[in-house]
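Q: Got a structure for you, written out below as structure tokens; questions coming shortly.
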């Protein structure tokens with residue numbers, strides 16, 4: 001990402017950032033642990049009851065909530081200011097606090113105005129009526145919550161009536177989320193601030209690279225940031241078009257726009273407002289037709305890989321901290337983390353806004369394709385390549401996507417073949433993988449198998465043209481049961497978790513066949529252009545589409561459109577006057 005930095009300097013700064021962050025957070029975590037192992041605590045709470053009743057305080061010290069760690073106080077109707085002292089035994093560690101509001105079904109409303117926890121000397125945390133409700137981790141028999149005034153409406157008709165709330169882990173209440181994130185990433189901010197500033201200064205007039213860098217840098221933030229970066233690039237493209245009156249185009253970009261035309265022309269019972277995500281294909285078609293990225297492609301690849309090196313290094317640092325400290329609050333250790341990886345992995349991503357583990361893993365694999373190309377062209381050092389590869393493999397293991405691990409191994413293997421061989425084997429290989437997945441999905445992923453069966457069954461009701469773009473969530477059930485650690489839980493769904501089935505359901509057999517043909521055509525075209533990088537990216541995208549619906553959510557659509565549009569441009573492409 002930074003021309004002002006040598007590659008080895010970047011590698012060293014990453015390593016130093018990891019060391020400094022680990023050291024700083026270990027010190028802070030030991031400090032928090034010592035605060036939560038004090039002997040004496042006092043919970044002070046200001047609350048308002050609608051009738052006379054009681055309040056029970058349960059505190060969890062590692063053995064869940066029990067009668068041993070319980071304190072009961074009487075609460076009068078109206079405003080109350082209550083102090084509840086409690087003590088821990090030597091070696092005990094305070095994890096959670098639970099507030100029970102008694103068994104009186106006439107108690108319909110509880111308003112909490114203030115809550116604070118005191119240790120031997122200091123106030124550990126203090127919450128007002130607004131952030132109290134945001135600090136609730138779990139609630140039972142609570143029908144609704146008014147966050148503006150701190151009111152809990154109790155579900156009095158439920159039997160047995162046992163209303164209570166459990167606050168988030170105590171360590172999260174001591175230090176707010178933004179402060180914990182800052183403490184985690186501050187080392188990278190400090191060590192890379194000056195190099196990034198110098199890089200921006202050097203490239204201040206190169207808006208193509210600056211906006212591409214902005215786009216890549218906000219991939220894991222809110223979608224609004226990706227939209228903003230896309231608007232910047234589109235605006236630059238329009239200005240460039242008006243200034244030079246030239247358009248750049250190729251066959252690949254024309255094929256990509258069909259990904260928009262299919263949901264648009266076969267809209268069915270859908271609404272035009274539901275074309276917002278497919279419109280991304282048109283936006284990036286316009287960007288690639290008006291901006292010449294051809295001289296900056298290698299730089300953009302470096303930017304992309306460096307962003308995910310930073311991500312991987314932070315992920316690994318927090319994983320170490322989680323296994324040593326934070327995991328204690330969830331009864332998760334390294335030894336049992338991988339036993340329920342689908343649930344546990346999300347704890348490692350609290351510091352990023354976008355936490356879809358499969359898509360993040362896919363983005364990491366795109367970076368692996370880029371770094372393989374950069375290494376082949378001798379544009380990065382062996383140390384840089386090794387660092388990315390180590391961080392990528394470790395990140396994929398922690399994020400727990402079986403698909404990404406298998407695809408990553410496959411990409412490393414395919415990369416050693418020449419483009420001439422890849423052109424011969426990729427389409428047959430894709431057909432084999434597609435058939436294998438369909439044939440064995442019940443054994444691989446019973447949840448997806450059930451969802452696919454429902455999708456096919458529904459699609460048959462309107463086979464040729466489907467139910468309309470964006471209507472998957474209305475056609476499919478709201479949720480399905482899923483087995484997690486031997487327990488049946490409910491998982492919400494809004495699409496088929498298979499891009500081709502999503503097209504079949506919404507745009508019918510005609511739409512899904514067109515999309516499949518265009519996908520295979522793009523794969524063939526990139527191979528024909530001897531573009532090994534994009535050939536592998538397109539192949540990976542098609543494999544991803546078998547087990548996910550990347551074009552049903554904004555972030556993966558943005559990233560795939562950006563890469564396929566920007567990197568498919570070749571300098572010798574014909575220009576014409578509009």
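Start at 1 and count along the chain as shown; that gives each residue its number.
The backbone N, Cα and C atoms fix where each Cβ goes, glycine too.
From TrEMBL, for reference:
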- 388-515: domain 'O-antigen ligase-related' (DOMAIN)
- 12-32: transmembrane segment (TRANSMEM)
- 177-197: transmembrane segment (TRANSMEM)
- 209-242: transmembrane segment (TRANSMEM)
- 254-270: transmembrane segment (TRANSMEM)
- 276-295: transmembrane segment (TRANSMEM)
- 307-330: transmembrane segment (TRANSMEM)
- 350-372: transmembrane segment (TRANSMEM)
- 384-414: transmembrane segment (TRANSMEM)
- 420-441: transmembrane segment (TRANSMEM)
- 500-526: transmembrane segment (TRANSMEM)
- 538-567: transmembrane segment (TRANSMEM)
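Surface or core, plus neighbours and distances: that's what I need for these features.
A: Beyond the ends of the transmembrane segment (12-32), by six or more residues, the same chain brings 5, 171, 174-175, 183-188, 191-192, 195, 309-310, 313-314, 316-317, 320-321, 324-326, 387 to within a C-beta distance below 8 angstroms of the stretch.
A Cβ distance under 8 Å defines the sequence-distant neighbours of the transmembrane segment (276-295), meaning residues of its chain 6+ beyond its ends; these are 208, 212, 230, 233-234, 236-238, 240-241, 247-249, 253, 256-257, 259-260, 263-264, 469, 551-554, 557-558, 561-562, 564-571.
Through the fold, the transmembrane segment (307-330) approaches residues 1, 10, 14, 17-18, 21-22, 25-26, 29, 32-33, 93, 95-96, 169-171, 184-185, 188, 192, 216-217, 219-220, 337, 344, 347-349, 351-352, 363-364, 367, 387-388, 391-392, 394-395, 398 of its own chain, all at least 6 residues removed from its boundaries and within a Cβ separation under 8 Å.
Within its own chain, the transmembrane segment (350-372) is flanked in space by residues 177, 180-181, 184-185, 219-223, 301, 304-305, 308, 311-312, 314, 318, 380, 384-385, 388-389, 392, 395-396, 399-401, 403-404, 407-408, 411-412, 415, 533, 536-537, 540, 544, 547-548, 550, 553, 555-556, 559, 563, which lie at least six positions past its ends and keep a Cβ under 8 Å from the stretch.
Only residues 6 or more beyond the boundaries of the transmembrane segment (500-526), in the same chain, are considered here, and those with a CB under 8 A from a CB of the stretch are 251-252, 255-256, 258-259, 262-263, 266, 268, 270, 423, 426-427, 430, 452, 455-456, 458-459, 462-472, 475-476, 534-535, 538-539, 541-542, 545-546, 549, 551-552, 564, 568.
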Q: Could you tell me how many residues in the domain 'O-antigen ligase-related' (388-515) are helical, how many are strand and how many are coil under DSSP?
A: 89 helix, 12 strand, 27 coil
